[in-house]
Amino acid sequence: MGVDKKILVIPGDGIGQEVTAWGQKVLMTIAENYKHNFSFDEGIMGHVAIEATGNPLPDETLEKARKSDAILFGAIGHAKYDNDPTLKVRPEQGLLKIRKELGLYANLRPIKLFDELLEASSIKPEILSGADILFFRELTGDVYFGEKKRTEDRNTASDLMIYHRYEVERIARKAYEAARSRRKKLCSVDKANVLEASRLWREVVQEVAKEYPDVETEHMFIDNAAMQLIKDPKRFDVVLTGNLFGDILTDEASQIAGSMGMLASASVGDSTGFYEPIHGSAHDIAGKGIANPLASILSAALMLDISFGLKTESLRVIKAVETTLKQGYRTMDIANKHTENHLVMGTEAMGAKVLENLS
Ligand code: NAD
């Protein structure tokens, strides 16, 4: 029996427009193959929305977002704003607002290197091979949202690191649930030797851990975690951490997967899930037709699994990506300069190969 789902597509700016089309085509193919009924609507956000309406997140897009079961997003950003930090209306305001309005408090970022891309990473293949990590980064608390101050003489500044018990509890539960369906290991990362907010974090995780006796819990300080991630990424299964530490650790971990063009992420709360590649709008390659569409396609796979519970379909998409890479097809960012048997192609051709392998 197929499922009925409403999906809002927000391509955004730059390569967001080029790659999201392929994430959507993959979802359409899955719906057809597995007899699901996915209906699509489209919304604008970011620079394109500012140009059209003056608002980076028009009310109409937000309304559509609230009514959808899941959102497939591309990226926002334009060189104009990067070069002029004084501009008051900015594309990223749209992204921050939609995350807040939809209550997306947990950012999930799976880090898994396809064997075919072992050589594309800057880390030694023998260290990387077999690494498979799922990050849970808290998204609505911490220094990003705590009180910000600057003294009158402008010489002293502070950002308050703040966490409430309920914020730690709800994301800890999500992370433990995920660990149960994986290798049953959870590493909580904090700085409890120094920070009071981290001591609360650790205390709450220790309490939630009692509800999941089947999951092995480890607590690690952020400095050690940053080192272990590069030294021995295989030791991690689920990593649970706060907003600031998660921001830094997940970007570090993106190197494990070889390229930004390969990594997908999900932001979830208690309702609509939001799925996007981790990369930005990449002005340097926008409009050239060479962006890697695989991160958007893998974002669609995450949506199928997390928001719709369609695990088989999600694995089918991941398998199609794997097969495409096995066949030697590469976009420029993941082409290995040391081997000649790779067929380097653009966004359209790469997306079409994945669709072919899906059918
Ligand atoms: P970026 O992720 O856009 O690009 C970084 C580098 O990776 C570039 O050299 C780019 O060509 C390459 N790259 C990224 N995605 C790729 C893909 N799919 N295929 C091939 N190569 C790819 O980051 P940036 O250059 O720092 O930022 C560009 C713009 O994107 C800025 O305006 C920034 O604010 C915005 N941004 C948006 C998001 C988002 O929407 N979530 C995230 C990060 C940056």
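Including glycine, each Cβ sits where the backbone N, Cα and C put it.
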Residue from Arg109, Arg235 that TrEMBL also lists as binding substrate with Arg99, Arg137, Asp223: Arg109
Among Arg99, Arg109, Arg137, Lys191, which are recorded positions, the residue with the most C-beta atoms within 10 angstroms of its C-beta: Arg137
Arg109 (substrate binding site) to Asp247 (Mg(2+) binding site) - Cα separation in whole Å: 11
Assigned element (helix, strand, coil) containing Asp251 (Mg(2+) binding site), judged by DSSP: helix
Per-residue Cβ crowding (10 Å cut-off), top of binding-site residues Asp223, Asp247, Asp251: Asp247
Cβ-Cβ neighbours of Tyr144 (site 'Important for catalysis') (radius 10 Å): 17
Residues Arg99, Arg109, Arg137, Asp223 binding substrate per the record - widest CA separation, whole Å: 28
Lys191 (site 'Important for catalysis') as reference: those recorded positions from Arg99, Arg137, Tyr144, Asp223, Asp251 with C-alpha within 10 Å of it: Asp223
